[in-house]
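Feature annotations, reproduced from Swiss-Prot:
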type: BINDING; residues: Gln87, Gly105, Glu106, Gly107, Lys108, Thr109, Asp512; note: ATP binding site
type: BINDING; residues: Cys892, Cys894, Cys903, His904; note: Zn(2+) binding site
type: COMPBIAS; residues: 879-888; note: compositional bias 'Basic and acidic residues'
type: COMPBIAS; residues: 898-908; note: compositional bias 'Basic residues'
type: REGION; residues: 866-908; note: region 'Disordered'
Amino acid sequence: MFGKLLTKVFGSRNDRTLKGLQKVVNKINALEADYEKLTDEQLKAKTAEFRERLAAGASLDSIMAEAFATVREASKRVFEMRHFDVQLLGGMVLDSNRIAEMRTGEGKTLTATLPAYLNALTGKGVHVITVNDYLARRDAENNRPLFEFLGLTVGINVAGLGQQDKKDAYNADITYGTNNEFGFDYLRDNMAFSPQERVQRPLHYALIDEVDSILIDEARTPLIISGAAEDSSELYIKINTLIPNLIRQDKEDSEEYVGEGDYTIDEKAKQVHFTERGQEKVENLLIERGMLAEGDSLYSAANISLLHHVNAALRAHTLFERDVDYIVQDGEVIIVDEHTGRTMPGRRWSEGLHQAVEAKEGVRIQNENQTLASITFQNYFRLYEKLAGMTGTADTEAFEFQHIYGLDTVVVPTNRPMVRKDMADLVYLTANEKYQAIIKDIKDCRERGQPVLVGTVSIEQSELLARLMVKEKIPHQVLNAKFHEKEAEIVAQAGRTGAVTIATNMAGRGTDIVLGGNWNMEIDALENPTPEQKAKIKADWQLRHDAVVAAGGLHILGTERHESRRIDNQLRGRAGRQGDAGSSRFYLSMEDSLMRIFASDRVSGMMKKLGMEEGEAIEHPWVSRAIENAQRKVEARNFDIRKQLLEFDDVANDQRQVVYAQRNELMDAESIADTIQNIQDDVISAVIDQYIPPQSVEELWDVPGLEQRLHQEFMLKLPIQEWLDKEDDLHEESLRERIITSWSDAYKAKEEMVGASVLRQFEKAVMLQTLDGLWKEHLAAMDHLRQGIHLRGYAQKNPKQEYKRESFELFQQLLNTLKHDVISVLSKVQVQAQSDVEEMEARRREEDAKIQRDYQHAAAEALVGGSDEDDAIAAHTPMIRDGDKVGRNDPCPCGSGRKYKQCHGKLS
């Protein structure tokens, strides 16, 4: 009460914000007379003038009033449309990292031209984001004449464009497109092979239309690029046949011992290594089978992939034993947990090992559908330097916009007072009674000539109503959720006299319903219309418009309450645009999902006690309040889920940004020789530490093991034991330096042989290829971690903290493995000439082209996995009760294991 009193005296925060912005509106209005006197050329020259001032150090705020006045004047000349003062207010809100709530019909598309023009003057690009391709194309084409008049370029970014078309779209001053396409382009850019393949510029300013739909409704669905590599089962099968020809050797070759085997096994490290004899034998076998060219080496740059396959097959045969490490069940290889002995269905080994085991066992080889890249909309849009959005319904979600995106919501007043009548809900006992009442209301409206828009929550419900209308011989149009051009036409004509249109709640969003029908569309349908034809169409429309207004304007009829108040408000907002007449009413029944879950038996019991007969409805503010409270509960639950998703994804997002930044630096750098030098010191030192622990006595050193490891992994054949025997003063630190220097000398010799430029290019190619491969494996490991993390709760641990800790360990592992693998490959692989590097790049591109990429929205639940909040979420999950009444102390039918009163009964 005290808060309401303060608001009355000082005004709300929204009022104070608008009051501050009104001063700038007054400035823009004061400039209007002067700008009207400018010629077209003088008005167009304003763009160059503003750009010069910005280059000289002026701020966008300092030129805002003049820039907005320029756009308003240009719009009057190009479109014969003048921005209202409220649209100027909306434009200023959108320029200041806020969300503008503007009612339906207030001209959001025209409002967006103001901040889009202002921010495009910086030359950094503006992205105007819509919910579908149709709206992106429509808005871009509608506004193109205005922007081009002012000397700006417009691009359209939709699915299916070629790389150059994408680049052109992004290089435009203002780019229209869908949220999905912008997100996927970001992911694709971070999978590019060269800087020339990237299409996006740095993310500067995003202006999101229908911001609630994109940042809230779709926030839980991450964008994922996944792909199954080409079907390489034939390759696994062929390589599998080579392994039985190979002979095991008990110990590594040395000066004292030269074995006759083909490979050795390091059981401790679970690794196998070819002997020189074995390498030659495998190469000969591959040449015999036509898998390797005559004279080619398995260790040449172009054959890295083949080498991986051979190693995987050898490991499958020698290190992994059936009924110990895995079992074969129903034609599938299932991993056995080495610690618990339990099977782990659904889990697969990486690096091609699982497929190699499948080939060994003769079962069907499955291609993994691997996540190549992923991001949530929440984290994608937070990458922009500036972010703003507009919608007709944001105020109910203002807290979420502020909490997650740091965006304040400002409710922009309507240009004309709202006169729509929002009538109280009518609640019936059964769905059948409700539908009969809806049909009666539609018939009454048709008799008066009043158009009706019937909003349903599902396609199934819209089809049911359509069948009832056919039965009653009521002419109507049905729209489902699939948006296409025809739908826009139907929605545009839904305001004609006596028209009846059934639409799912979201269908047709973005198209205004004009009372009397859309006369512009009628004119557009004619080829070269004469002024007389235009005048007749407009006169006919005026008669229809007046008749519809006299009948009460557009009547919105809701057939069920949505679980979100915002969606209900969107439906209501289709009527009463620009001060038009209109009305709205929701028809509900006790069988509706929301009522059945939340309103409980008490309400229907009360309705029966009131002696309500069939067909009678209850209409009371108390019922409307109860429904609103139910909706608040659902909204709160959904907010918790989105917040939880973000907390989990933030961990992955930090890692994603580190990897992508590193990748971009790699691609843009001319040489990464210094990086290679630094990591080789780290890698060799780490290997030495395993065999010669720092500051340890010589008795603890495993010198033969170190010699063997350096030879196997880095092709360094060093007589370390001999050095130690001959030089008494050779201590740990000087030995370390000598080994590192030996690697550097060997690498320099390789550089002199192949040439510095070839090796620099090869280093980049190896580093990128290794990083990409490990990142894909890391994403899979993160998925597995996320799916099982909620089980940590049973051990009295906080799943979120455990997820952060374990994912950090996985990331550290990724970085260490990256360093090790890059140095190992650079040590082993033989590069003869530039053509080897080019061949390696060509193979890599070929393999990438074979990936059947799948651009998809993942289920949010898969991204979250489980958590300590799972039970709380489960307790709020809508449940349909279709059996006997559940007692308060009975187990809840949802399966949570709790008593009904402590679970879904809480909501009754």
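Backbone N, Cα and C atoms are what each Cβ position is placed from, and that goes for glycine too.
In this structure, Asp512 (ATP binding site) belongs to neither helix nor strand by DSSP; it is coil. Compute the center of the Cβ atoms of Gln87, Gly105, Glu106, Gly107, Lys108, Thr109, Asp512, which mark the site for ATP; besides them, the chain residues with Cβ within 8 Å of that center are Met102, Thr104, Leu110, Thr111. Of all the binding-site residues listed here (Glu106, Asp512), the one with the fewest other CB atoms within 10 A of its own CB is Asp512. Taking a C-beta cut-off of under 8 Å and a sequence gap of six or more, Gly105 (ATP binding site) has these contacts in its own chain: Asp512, Gly576, Arg577, Gln578, Asp580.
In this structure, Gln87 (ATP binding site) is part of a helix by DSSP. Annotation for Lys108 (ATP binding site): spatial neighbours Gly90, Ala100, Met102, Asp209, Met390, Thr391, Gly392, criterion Cβ-Cβ under 8 Å with sequence separation of six or more. Summarising the environment of Thr109 (ATP binding site), the number of other Cβ atoms within 10 Å of its Cβ, over all protein chains shown, is 17. Counting other C-beta atoms within 10 Å of each candidate's C-beta, the binding-site residues Gln87, Gly107 are led by Gln87. Reduced to three states, the DSSP call for Lys108 (ATP binding site) is helix.
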